[in-house]
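Chemist: The structure under discussion is supplied below as structure tokens; questions concerning it will follow.
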Amino acid sequence: MSKPEDTSAAAAAPAGEAGNNLNIADGEIESNWETVIDNFDNMELKEELLRGVYAYGFERPSAIQARAIVPVIKGHDVIAQAQSGTGKTATFSIAILQRIDPSIKAVQALILAPTRELAQQIQKVVIALGDYMKIDCHACIGGTNVREDMAKLNEGAQVVVGTPGRVYDMINRRAFKTDQLKMFCLDEADEMLSRGFKDQMYEVFQLLPQDTQCVLLSATMPQEVLEVTKKFMRDPIRILVKRDELTLEGIKQFYVAVEKEDWKLDTLCDLYETVTITQAVIFCNTRRKVDWLTDKLTSREFTVSAMHGDMEQAQREVIMREFRSGSSRVLITTDLLARGIDVQQVSLVINYDLPSNRENYIHRIGRGGRFGRKGVAINFVTSDDVRMLRDIEQFYSTQIDEMPLNVADLI
């Protein structure tokens, strides 16, 4: 972890390793790790973990996953800079699950997150990916019962994800024992510092074993984050995934003006013949909407399948398998799974609801034309959505035109 500032590059440094001198331009780190493994099968993951990865719906690693999973598994300290929504959570979750020993009932990995919601989200991802591994992941967050927290930690969770204040409290009370800890991961480090958790982060760090591996993920690299990396890490591997690795190139984007929300359903039904030419993914913003739309379409005798985070893992696995094999042609889902559905055949994406944040737009539709395939994206836009549509156009420097009548010819 910690090391003197002037240490030169490690002798066995990977390609392009440049020690600890972080060259920063515009708040970006400079990568010193070039290896890209763009297939989960080639990462030498445990069989049960690989099963969990595919069951979750991942097909191919995202840019950050293809670069960062392996160095973390190898035990390097790693700084990864990537925008939110690029698959960072699964990056460290997969690496952690590969490194821990499920037979040891003690905390082996600690993940700190800036908010309770993010901590709980990470917990869900770890549990889902580790579904076949018999591991326990506990969320150690404020606003919950301290006694219950202590009891849970006593039961021997191998992974703890939490907010800095509560984690520090638990370690201090000796409820969270760190003697078996080998990995410390800071997610959204920039956000953590901007929320004033710096002192608490350092306090937690001081209580960890000296040789703990440290992994830090951040969308931006302000000076404060770099100071953290200097204090916590030795010869870190640095990985930068620029925003433009996710591209809208080759994807034709259209909008359909829908006068009011209630009319979207009829619009979709009118498009259904077009939709089923190939496979399509339809995105809604809430799980409830997914269920509602599925019911409505089914009652009109359209064949669709649906998937969201409330479903059992086994159920999601079956749906994903059917969709991948092509036996189900239309999948309705939420953003939770937007990043996992890399299905090669998908050439049409419909945003029944525009995403509630613009970053998710590229995760939904970038999928349609991934890996050099062409794709079409159709956005349903009510008068309330016009501003968001313009915002998306500006953010991605792209143009979204009104859908032509011959859209079927373009798919």
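Using the three backbone atoms N, Cα and C, a Cβ is placed for every residue, glycine included.
Among the features that Swiss-Prot reports, ATP binding site is placed at Ala82, Gln83, Ser84, Gly85, Thr86, Gly87, Lys88, Thr89. According to Swiss-Prot, the compositional bias 'Low complexity' annotation covers 9-19. As annotated by Swiss-Prot, domain 'Helicase ATP-binding' applies to 69-239, with the evidence given as sequence analysis. Under the heading domain 'Helicase C-terminal', Swiss-Prot lists 250-411. If you look up Swiss-Prot, you'll see 1-23 marked as region 'Disordered'. Per Swiss-Prot, the feature motif 'Q motif' maps to 38-66. The annotation motif 'DEAD box' is assigned in Swiss-Prot to 187-190.
So that I understand the layout, could you describe where these features sit and how close they are to other parts?
Modeler: Using a 10 Å radius centred on the Cβ of Ala82 (ATP binding site) and all shown protein chains, the other Cβ atoms total 25. Taken residue by residue with DSSP, Ala82 (ATP binding site) is part of neither helix nor strand, so it is coil.
The motif 'Q motif' (38-66): residue composition by secondary structure is 17 helix, 0 strand, 12 coil, according to DSSP.
Residues of the same chain lying 6 or more positions beyond the ends of the motif 'DEAD box' (187-190) and with a Cβ under 8 Å from any Cβ of it are 84, 88-89, 92, 111-114, 118, 122, 216-222, 224-225, 228.
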Chemist: Mind tallying the motif 'DEAD box' (187-190) by DSSP state, helix then strand then coil?
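Modeler: Taking each residue of the motif 'DEAD box' (187-190) in turn, the totals are 2 helix, 0 strand, 2 coil.
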Chemist: Helix, strand or coil at Gly87 (ATP binding site), per DSSP?
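Modeler: For Gly87 (ATP binding site) - judged by DSSP and reduced to three states - the answer is coil.
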